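In what follows, a structure is listed as structure tokens, so that the remarks can point back to it.
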Amino acid sequence: MASGSSGGGYADEKGPGAATMQALGLQQQHGGGGEVEEESSEMGEKTAARTRLSGLLWHGGSAYDAWFSCASNQVAQVLLTLPYSFAQLGMASGLLFQLFYGLLGSWTAYLISILYLEYRTRKERDKVDFRNHVIQWFEVLDGLLGRHWRNVGLAFNCTFLLFGSVIQLIGCASNIYYINDHLDKRTWTYIFGACCATTVFIPSFHNYRIWSFLGLLMTTYTAWYIAVASLIHGQVEGVAHSGPTSIVLYFTGATNILYTFGGHAVTVEIMHAMWRPQKFKAIYLLATVYVLTLTLPSASAAYWAFGDALLTHSNALALLPRTPWRDAAVVLMLIHQFITFGFACTPLYFVWEKLVGLHGCPSLCKRAAARLPVVLPIWFLAIIFPFFGPINSAVGSLLVSFTVYIIPSLAYMVTFRSPQSRQNAVERPPRFAGGWTGAYVINSFVVAWVLVVGFGFGGWASITNFVHQVDTFGLFAKCYQCPPHPAAAALSPPGAIAPAPASMLPPFNSTAAGIFAAPVPSPAPAPAPMHFVLGHHHHHRHHRHGL
């Protein structure tokens, strides 16, 4: 297998060093005296040192690199919205859905890896060379099932990655507001859009070695900060845990978790960056296990501490008091979101490069310039729909459900539908899954469940919630869920009554009759969390914790 490809349009990462050493050898063969040999030796040592450093930080293709990439890409800004989902679902459902969708996501990532190996093996039997070409999911579908599957896969995958990048950009603006509210969130979106555009200079997933490692460390800190800070903070006065209060909120929260464990839209690109892609099969499952050690404690602790107050604060950091520890979590999450933006955008860069004919171009500058148009619609959409939290659920139900659950399951069943294809398969289903029969039963269940619960109920609930956000805040919202500025609050009449937070949906308890327990009245805006926070901060810049 040509698994040593760079995955980014570069033939061989060892090429420059080898060429230099070869030139030095020729120089020594033709003579030139001791001085020439001494200079050549010094040059060789410097080149070797640079090559080793570059390999350590820049060129990653091991199974460990793939694990870091999968784990880092899977849990970014969504970590901050999971407590919000717990408030919508309730503690028990939140925990169960995380475990269930984590297992489901690991299974479909395994299917994608098997289809990739099947496609690549067939192509390499025909002497196809992939050293200057990155294989992508839509090409796997094209090679195994034809152009109609390719078109469907390309449409869903690109749209999901587009909005996945939008979500990261929205998350950057939402987070930075907690340590610097001198600028509104829309202005921060402009700034971070320009910063994230620099990801055009990262050639491929092969070059994310140090970034994946650092990104996972940063998310680990943020997750445990939320968990520990929530426990130390304790439950706010009058805390209520009334979720689920409506069927709309319930399925909205469930689809956000579906989105959380649906980060394998970049699985094929990560596999292609590996030196031995055959080792990928269990990597996503191992990454999911680690991610669960971050998401379960942080989400459950935050929900325990703040309860229903999270319904009006889709970012968990909004309710935690400002401290240097929280500021550090915000900064680290910002850096990780920049990295995750690159993860989501890189496959889009590849598609665009192939469209304009520059995918095999050896010039990084030309490719970077060609990639810039991809960033512009992402920037624009982040300004139109700044709804941090609700947009996750909408993307999860409408795009993730098909991209990473339904299409891979159906593609696997259709690819191996004939006895001959099953007999010649590069990789057979594991025995613990029941062989071919068990694999087809599991895939049928995945398709039915995600189609009905994820896309059907989840799509209806998420769109209802999303439309409510648009009706409440409007498109191009300048500062989504921001508290009123102190100067504006001082101008309001003394007897004026503050409006209730508009981010909470009106009660849908009548809709939920017969599904949930007796309807619980919608909780008041719950001043207790904010009262607690305000009691610890006297400076007016420090007590603006609303999202």
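Glycine is treated like the rest: Cβ placed from N, Cα and C.
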Identical membrane-side domain name, Tyr178 and Ala318, from Swiss-Prot: yes
Selected residue, Swiss-Prot feature N-linked glycosylation site, from candidates Asn157, Asn509: Asn509
Segment confidence, the topological domain 'Extracellular' (233-247), expressed as mean pLDDT: 91
Composition by DSSP (helix, strand, coil) of residues within the topological domain 'Extracellular' (233-247): 2 helix, 0 strand, 13 coil
The topological domain 'Extracellular' (303-329): DSSP-derived helix, strand, coil residue counts: 20 helix, 0 strand, 7 coil
Interface-richest range of 95-115, 212-232, 282-302, 330-350 toward the transmembrane segment (394-414), CB pairs under 8 Å: 95-115
Contacting positions for the transmembrane segment (152-172) when only residues 6+ beyond its ends and CB under 8 Å are counted: 76-77, 80, 136-138, 141, 188-189, 192-193, 196, 265-266, 333-334, 337-338, 340-341, 344-345, 347-348, 351, 377-379, 381-382, 385-388, 391-392, 395, 399-400, 402-404, 407, 411
Summary of DSSP states over the topological domain 'Cytoplasmic' (269-281), given as helix, strand and coil counts: 8 helix, 0 strand, 5 coil
